[in-house]
Structure formats: structure tokens, C-alpha cells
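Everything below concerns the one structure shown next.
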């Protein structure tokens, strides 16, 4: 089939496959010919001007295609997507092909100027921007309708013609990264720059935040150990620990902003301009005109969306929250049963039974969180949000609200309704440790075991990740296409968010919470690195300048922790002894201290700059130079018009 398509013979002699396109088996030949022609056609003709090559499998089936691009095409693509690279004067600037000689390490024969992840990101951008011109349908599939401006790749995906698109691993680079990242147990920093070059900024920022958060927990853990050892039942001494907790939760988040700015400036993403967002793949509606772009695209009434949100999604979320509280009350009934059983028997077995309700409840919480996650994704998709950012914000809000109540409602009830500090300590310890064990198993160990089983069933493919055997490209593609898909950092950040809640909200009654969090995060770094390198397909790089809405989520949790810890301090016998005559004075004093601490928190957030001074100067300098260049351009245009 390939021989009959002359446009497929436009390969460079050193064609480098970067991205794999897998079509459904049995895809019609006219569809394949039309799609591949659009990929290789010139940009002026509505194509992507990339290189494509069919991958012939052992049975001769051609439904997998390799996509690459010439060095020249990738450089033009780097300018299109607005990549920022380092210049010869050590400044960071948006790459332009005309000014390519001014960029550090650039040479016409240096094909490593762009990282492989950047090249794959450029190809993904070009493929996603393949749009229908005058086609009314996908050739060979009349039911797959098209209209001018519709994304071809998205229509192929929703129609089931296109199975998946994924970037290929670079086996040599992956081997080096694995060795420096988790190949040996060592005390040191992660190779974040290498992770960024291979997986992109989004994933590198997650691992950077995980590493930073782990180091930030160490002071809490160091202080918590003597509190646990020497003041196990003396809650009076936890007042100082709670006070330190308040300052700690604020400072670490503000310092992270500065570290994040330093990293993303070095990587260039701090300077990248936000592109105009296209409609998300699942968005549907009546064909209309976008008033901003002037292009035809689906239009959906915002009133209908609001009706779906407030009349369906909101009641459903409230119902789930009520069910979570109902399960919580069942848990307290089990706790009472275990306590009665222990008082009746008073044996070692009955002592162990005291922990059973908390363990069962922790497992139920994890199951409910995962089931609710699927329901939240379905509802958010059904709400039909136009932009991916809007979809993500609504999804995160739904998941965070439920997870917060599901994980912490029992602790709030124990602390502020039952006033049982011993049960609070026991429940916090059990929930924290059980959730960490379950997450490690579900996110890393289970997928890794399943992947090993798959490799054992495929004798030749087994060697690609276990030894240094040089396997063919066909075997590599066939192995990688069967690997699991990494769906982003959502679950990873959610796990850290809940862990931050356990540590900041109630750790003053269980100081070892930070210790277990540190131990978990150390293993998390290695297990997450393992799953990225050996369990999942390589994800596309996604440039980002920060951790996004998760920064706001962590800051909100830190505000809640101020209120929680102030109330816990007010409940301590040491503070109560100062207000023996009037509880009203105690409440007013606690409220005053809480407001003062919140004010201190916001003052600290204001005083600590989000970006270091040197980076602020560099950004201001770039902005000034851009304005000067714009003025020069306008003056030249004015001078030319006067001459005419």
C-alpha cells in the first residue's frame, strides 16, 4: 500500500521516528491515504508538513505509523509554539528562526538543540492543529462528520478510527535517566533538569514539588519525634508544636513559589506566553461562529451548562457528601463496638481489634474516593465545558470537596464533637498509614506487576526493559503501545494534598504524622520514577510555569489549618487553666489569636516575593526590550508610510 503513495517517499535519509500513531485495525485505505497525506502536505495547503512512515508488523498489517519531522521543520515549529531558549548572553528569549544564531549551542548541524521531548511536543501541536478545510466527512466514514476548522485528530479519536497517539521512548536516554534517577539508592537531589528534558516541565515540576515538600517536612518530623517520645499523653506541650505548625505551613508554600520561579525561568516556561485555548476534544454543540477567532466551531449555551451544573452536578455532589457522612457514622458505631469488646475481654486480641474499625474505614475511604473520581469525571464531561482549563477546574473542585470531607470529616468530628484526643491520634495514624500503603500498591506496585506479567507473555519484548538487548523498532513500538497510559499528575498532587492536610491540620496530636509522610515520600519518589520509566507509555511534554490550581488548593488547606490548630490550642488544658472563670473570654481570645495569625499569614505571603529579585529584573528587562522593539517597528512602518 505504501508504494502507491508517492508523498510517503519524502523522508530524510536520517528519518527519526518521534511519535507513534495507531489506527484501528481494518481502517479503510482511503481514510489512511487521506489522513497521511494531510500530515505530509505543506502548511500552505492545510497540512502539517511532517514526515510519516508506515510500520509493517510481522503479519504485514499496516495500521501503525511513525511520525517525524525535518530539523528545519522542527525549528519553525519551535517558533510557532513559542519555545523559550537560552541566548549566548545567558538571557532567556522566545526562539525565532530568523534569530537562531543568537541562541546558545545552536548550529545548523546540531540536531540536539531541541530536546526530544520538545520535538515530540511540537509534532503533537502540529497534529492537533490539522483542521478540516472543505471536507464534510472523513473519507470512508460518512457518519464521521467534519466542518471547516474542525480538528481532524480529535474527530478521528472520537470516531474510534484513531486508537492512540503517543511519543516514543529514547531507550539510550531512558537508560541513563533511570540510572541517575532511581538506579541506585542515594541521598541527594533528583536530576530534575534531566527529567524535564525527557518528560517535560509538568512532570519535572511535580517531582520537584514532591522533593521540596519532602525536605520541608523534615523540620516537622525532627521536632515531632521528641514530642512523641517524651510527651505522649501530655497535650499541654503540643501548644508550641501547633504554633510552629502554623508558621511552617505558610512559609513552605511561599518559598516554593520562589523555587518554582527559579526552575521554570531556567527551563524557559516562565516566559512562555499563554496560547489561545482551543475547544477541548469532548466539547460538542451546534455549529456556529466563534466571535473571537471568527472560525466555525461548536457552540453550546452557557445557560444549559449552568443548569446541568446547579440542578444535576451540585445535588449529586451533595448526595455523595451525605453518603460519606453516613459511612462515617457507621465507622463510629464500629469504634464503639470495638471499645466495648475490648472492655469486656481485655486481651491482646481485643487490643488489636481497637485498630480494625479505623483500618476498615481507611480502606472504604480509598474505595469511595476512587469511585467518586469516575463519577466526577463523567459529570464534568457531561457538563460540556468548552475549554480544557475550565473542565480541569470544575473536576478538581468536585474531587477536592469530596476527598476533603471523606478523609477529614471523621477527624473533625472526633476533635470538636467528641473531644477525644486519644481516638483522634489513633484515627489519624491509621488513616494516614493505611492510605499511604494503599496508594503505593494501587499506583505503582500493581501496575508494575501487571506490566511484568505482560512482558513475560511476550518473550522478545521482555528484554527491552530488563536488559540492554538491542531490540528492533517494531518490537519497541509493539511493546510501548500496550503499556499503560499516564493520565497526568492529578492523582499524584491529590495524594500530596491529602497528606499535607493530615500533617498540617491535626499533627499536633500525632507528631509522628510528618515522620511517616517523609518516609512515604522517599519511597514515593522511587516508585513514581519507576512507573514513569517502566510502567507507562512516555507522556507528551507539557510546558507549564507553576503547579497551577494546586497551589491555591494547598494555600486553602493551610488557612484551614490555622483555624483548626487555634481551636486545638484553645481546647488544651494548659490554655483552659488560664480561663477558669469565663469560657466566653476563652472563645474570644482564641478567635482573636486566630485572626491575628491569619493576618500574619497573609502579611508573610505579601512580604515574601513570589519571584527572586534577579529574576524580576530579568523579566522586566525583557519586557522593556520587547516594548522598545515594538516602538522601533511602529516607527519604521510610519516612516515607510510617509515616504509613500
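Any Cβ shown, glycine's included, is placed from N, Cα and C.
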Which listed span TrEMBL calls transmembrane segment, if the choices are 373-394, 395-416, 417-438, 439-460: 395-416
Per TrEMBL, the range holding transmembrane segment, considering 496-519, 520-543, 544-567, 616-639: 496-519
Residues flagged as transmembrane segment in TrEMBL, choosing from 162-180, 181-199, 238-256: 238-256
CB contact flag for the transmembrane segment (586-608) and the transmembrane segment (212-232), at least three pairs under 8 A: no
Distant-in-sequence neighbours of the transmembrane segment (238-256), which means Cβ under 8 A and at least six residues beyond its ends: 209, 212-213, 216, 219-220, 223-224, 227, 231, 500, 504, 507-509, 511, 551, 554-555, 557-558, 561-562, 565-566, 568-569, 572, 574-575, 597, 601, 604-605, 608, 610
